[in-house]
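*Asks:* Pasting a structure below so you can have a look.
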Amino acid sequence: MLFQSKSSSAALSSMAEERKISFDADDAALLVEELRGRFNLGRTKSYEWRVTQLKGISKMIDEREKEILEALQKDLSKPEIEAFLTEINLLSSSCKLAIKELKHWMMPKKVKTPLLTFPSSAEIVSEPLGVVLIISAWNFPLLLSLDPVIGAIAAGNAVVLKPSELAPATSSLLSNLLPKYVDNAAIRVIEGGVSEASALLVQKWDKILYTGGRQVGKIVMAAATEHLTPVVLELGGKCPTVVDSNVDLRVTARRIITGKWACNNGQACIGVDYIITTKDFAPKLIDALRREIEKFFGKDPIVSKDTSRIVNLSHFTRLTKLLNEDGISSKIVLGGQTDENNLKIAPTILLDVPEDSLLMTEEIFGPLLPIITVQRLEDCFNLIKSKPKPLAAYLFTKDRQLKKKFIDNVSAGGMLINDTALHFTVPTLPFGGVEESGMGSYHGKFSFEAFSHKKAVFHRFFLGDQSIRYPPYTPTKTKILKTLVSGDIFRIIRALVRCFKA
Ligand code: NAD
């Protein structure tokens, strides 16, 4: 059994306690100074340096797959295929894409210039920001750590990564492996928890990308404000899934199950948080979900090896508290079993829990799934709008009008029609939240952009200097200038002729 027992959890947290004193604000200041020195010497800027680091990460993922899978098993009992698809494979693709596209991404982009500034040319030059900090979360501990690192390196920055202490095996693996594959002089891993994160956060960074919950997101943003450091906040929220009756019910059920229980057992920022459907359709949907859950995870899904476990006792307790709230147990229509020793909770569906229950006011981040019924499906819009803007919103329907209405009316970080979570895997789409679900985005080229400054470079030439822009200002010059800005091409040509004569 690879489940982490309570005693081993305790041992890990005491190890984390011991580690606390090993890295303080002075160490963090020295680290940043060291990395800034290397950055200022231009170490990280060349294409060659960037591509070598990216190839190093790619090699590490290939060569150390077994160790990575073991670490993910230790941290979360992640089923191997899920770990492979959602962490290793996504990361590997992200790295390969960056290696393939890097030259193109780095190339200055020519842009048009106005006639008024003729003759001139302009370009947008992507320049690295400097020394950046990445603080990641425990639920996809490898992917959420290294995917932003790939973007930061591709953009030519020096990087400090602080993985989550709540996934200690992956954190330790990253700290041991990364220096063997990348330039340790400019890319560092600092392990630890709140104390180490706090020591890092008081430093001046050139960008911080934080993945995690909202409360800590506020702490990160407040710390960044001190130095006017820009931030990307990859937060979470309650992701709604609206299910119309005009669907392929079996496919819908399978995809909802995948986006909930086969996606780190609901411990995913883009996991299905709650379903909205009509009163009439709910019984059919519940039957379909029940049937498919049994096919996927067996008659007793709590013992299935095909779902991750809850990360630790504190999250297990948090989730059971949601289930144990007054009046909630009677709403369970499937599952509800819990196993504290193995940190497992069965896939659990609840019907029409109160709007003000914890299940409907907090992000669930676990295997509990409330279904809220409405008279008409259109009522879903008011319900979704009554909550903070989610990181993801899902809709299942064949109805074109409804799809359009959903896209037009629901604001969310990202949206997926007729599936769940998959949009996360599309590197041509930006991944990030809106308002309380986060700010900024990354993935693919968006990662490169998140860690680059777009420098505006404008070129003028000494030829064609026109006295019209210089004092003394005369009525003729004013007239010509007004014509030039008018946009009327014939008037402009006439004015230019006059202007060259002036
Ligand atoms: P977590 O507990 O692992 O915390 C995230 C990071 O913040 C860790 O590295 C941790 O050490 C650090 N941290 C914790 N307390 C801190 C403090 N007081 N000061 C400074 N740093 C601190 O992760 P979590 O918050 O439990 O993660 C779950 C949340 O993250 C959910 O809300 C989820 O939706 C969100 N999430 C978002 C994404 C995304 O990509 N948008 C991905 C995964 C998780």
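Keep in mind that glycine also has a Cβ here, set from the backbone N, Cα and C atoms.
Reproduced below are the annotations present in TrEMBL:
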ACT_SITE  Glu234  active site
ACT_SITE  Cys269  active site
DOMAIN    38-457  domain 'Aldehyde dehydrogenase'
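Locate each feature and note its surroundings.
*Replies:* Annotation for Glu234 (active site): same-chain Cβ neighbours under 8 Å, separated by at least 6 residues, are Leu144, Leu209, Tyr210, Thr211, Gly212, Cys269, Phe431, Gly432, Gly433, Gly438, Gly440, Tyr442. According to its DSSP assignment, Glu234 (active site) is in a strand.
Of all the Cβ atoms in the protein chains shown, 31 others lie within 10 Å of the Cβ of Cys269 (active site).
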